[in-house]
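Engineer: The structure that follows is given in the form of structure tokens.
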Amino acid sequence: MINNRVRVAVTGAAGQIGYALVFRIASGQMFGPNTEVELNLLELEPALPSLEGVAMELDDCAFPLLKRIVCTADLNKAMDGVNWALLVGSVPRKQGMERSDLLQINGGIFTKQGQAINDYASDDVRVFVVGNPCNTNCLIAMNHAKDVPSDRFYAMTTLDELRARTQLAKKAGVDITAVTQMTIWGNHSATQYPDFYNAKINGTSAAQVINDETWLKETFVSTVQQRGAAVIKARGSSSAASAANAIITGVNHLVTDTPAGESFSMCRRSKGEYGVDEGLIFSFPCRREHGELKVVENLEFNDFGRERFNTTLNELRSERDTVKSLGLLD
């Protein structure tokens, strides 16, 4: 029984992630079988012919839940009346580019997107940032959407969490469903901390089940941190299908109450939890309870965990300070 309709903006919709994503949204995998979908697809002007091809394919799938497709290069039109803004598109880092260059280029993009969301999106809009560097891009967009409550902005560490769960399951020789409470702390970058001490395998600490601290501290952590680069090296381009899958999973987490005993990783605006500076977009362990997103409290760190936590926190502080110095934050 159809009981809802949602309008979704996807930026960079003709890119590899967008192409892997939009069909899954239209099929009902993101919002469920009882929610009709309208897609507002945004691309740069030169990519509009390719985007029209994506729209043709969406039509040809004859998805019963897909009720409307808008293809546009007009940011304001793309954000008009949307309930969800999936900010997938961003400028990738190129050889010889400093991180500050990347932050400045994308800062301009996400400034405009935040303003358009503020002025044109639905009053209940939620914003899910994927384009990298996603934590700080999310911070910039949030800063320029003053009328949208800050707790409606999220950035994605879902792919990192899924990568980490898979590595633990393989090492322990268990099914992927046995691995729970796998937290990614901090930044979606090579400083992220995949917290194997607080992760569970069949309800027991992963560090106890695997009992190979050298592998966990060195191989596991670095594999998760560097997985994106490894995919690029292997296939010649960045993660696309797995990123799209993680977007589906991440939004599922945000629209569905979390089962008892489970949690998920999500970047959200800090309110000071775990000593993180208020206002930073930081990945925490989260639960959705009765429609409200909450950070899981009272997890503990040993010296190794605290050091990794502080490293990723300091990187996010540095990114914030950089974009502030560039005039991208108030």
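Just so it is clear, glycine is given a Cβ too, placed from its N, Cα and C backbone atoms.
These numbers come from a predicted model, not from an experiment.
Sharing the feature lines straight out of Swiss-Prot:
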{"type": "ACT_SITE", "residues": "H188", "note": "active site, proton acceptor"}
{"type": "BINDING", "residues": "G12, A13, A14, G15, Q16, I17, G18, N106, Q113, V130, G131, N132", "note": "NAD(+) binding site"}
{"type": "BINDING", "residues": "R93, R99, N132, R163", "note": "substrate binding site"}
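Quick one: where do these features end up spatially?
Structural biologist: Following the DSSP three-state reduction, the secondary structure of H188 (active site, proton acceptor) is coil.
When Cβ atoms from all protein chains are considered, those within 10 Å of G12 (NAD(+) binding site) total 23, not counting its own.
N132 (substrate binding site) falls within neither a helix nor a strand when secondary structure is assigned with DSSP, and so counts as coil.
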Engineer: Would you list, in sequence order, the binding-site residues among G18, R93, Q113, N132, R163 whose CA lies within 10 Å of the CA of H188 (active site, proton acceptor)?
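Structural biologist: Near H188 (active site, proton acceptor) by Cα: N132.
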Engineer: Can you tell me how many other Cβ atoms are located within 10 Å of the Cβ belonging to G131 (NAD(+) binding site)?
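Structural biologist: Cβ-Cβ neighbours of G131 (NAD(+) binding site) within 10 Å number 25.
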Engineer: Comparing the recorded positions R93, R163, H188, which residue's C-beta has the most other C-beta atoms within 10 angstroms in this structure?
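Structural biologist: Most Cβ neighbours within 10 Å: H188.
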Engineer: 10 Å Cβ neighbour count around N132 (substrate binding site)?
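Structural biologist: Looking across every protein chain shown, the total is 20.
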Engineer: Determine, to the nearest whole angstrom, how far the Cα atom of G131 (NAD(+) binding site) is from the Cα atom of R163 (substrate binding site).
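Structural biologist: For G131 (NAD(+) binding site) versus R163 (substrate binding site), the Cα atoms are 18 Å apart.
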Engineer: Fewest other C-beta atoms within 10 angstroms of its own C-beta: which of the binding-site residues Q16, Q113 fits that?
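Structural biologist: It is Q16 that, of the binding-site residues Q16, Q113, has the fewest other Cβ atoms within 10 Å.
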Engineer: Based on DSSP, name the secondary structure state of R163 (substrate binding site): helix, strand or coil.
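Structural biologist: DSSP call for R163 (substrate binding site): helix.
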